[in-house]
Amino acid sequence: MSGFGKLLKSFSYAIEGMMHTLNTQRNMRIHFVVAFFAMLLALFLDLSKLELIYLFFSIVLVVSAELFNTAIEAVVDLVTRDYHPLAKIAKDVAAAAVLLTAVHAVIVGFFVFTDKFFPLQPRHWQTTGWMTYYVSFIPLGLLVLLLISWRAYVRFKRNNQT
């Protein structure tokens, strides 16, 4: 088989992996539907090149994370069908990566599409500062990180008190 034939065969395997994930993973189908509507919306709005890059990068990031998650789940299931704490950790961490990229995509979508839907800012937003809407993500993110850290700390302390 020629070099080009091998390349086409590797693309075929990649498409098979994508199709398997779409057929077996509900969340991947959800990601695809959301991505479809985000790209459809991008067709009708006047997005800058940078906004399109952010949007496409976010979509690719979420889909890639879901593909890795599916691969990790398949390998873990191949190794053991029985419950094992390390298998649970592997699956939970992979799922957390998907969640993190999905939250990132929602935030990017908010920043990209908000200005397009509200191009004329009401007067009170100008006086109070519409940017406070954007900046509100910072304390929200800090709060989420603090809550996750606190829960991890409490769980760590509880597990080490034996």
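Glycine residues also receive a Cβ, built from the backbone N, Cα and C atoms like all the rest.
Annotations in TrEMBL come from automatic prediction, not curation.
Copied over from TrEMBL:
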| type | residues | note |
| --- | --- | --- |
| BINDING | Tyr13, Glu73, Lys91, Asp92 | ATP binding site |
| TRANSMEM | 28-47 | transmembrane segment |
| TRANSMEM | 53-72 | transmembrane segment |
| ACT_SITE | Glu66 | active site, proton acceptor |
| BINDING | Glu66 | substrate binding site |
| BINDING | Glu73 | divalent metal cation binding site |
| TRANSMEM | 93-113 | transmembrane segment |
| TRANSMEM | 133-154 | transmembrane segment |
Cα-Cα distance maximum in Å, computed over every pair in Tyr13, Glu73, Lys91, Asp92 that the record assigns to ATP: 26
Residue pair Tyr13 (ATP binding site), Glu66 (active site, proton acceptor) - Cα distance, angstrom, rounded: 17
Length of the line joining the Cα atoms of Lys91 (ATP binding site) and the residue listed as 'active site, proton acceptor', in Å: 12
Rounded Cα separation (Å) that holds between Glu66 (active site, proton acceptor) and Asp92 (ATP binding site): 13
Glu73 (ATP binding site) - helix vs strand vs coil (DSSP): helix
Cβ neighbour count (within 10 Å, all chains shown) around Lys91 (ATP binding site): 15
Neighbour-count leader, CB within 10 A, recorded positions: Glu66, Glu73, Asp92: Glu66
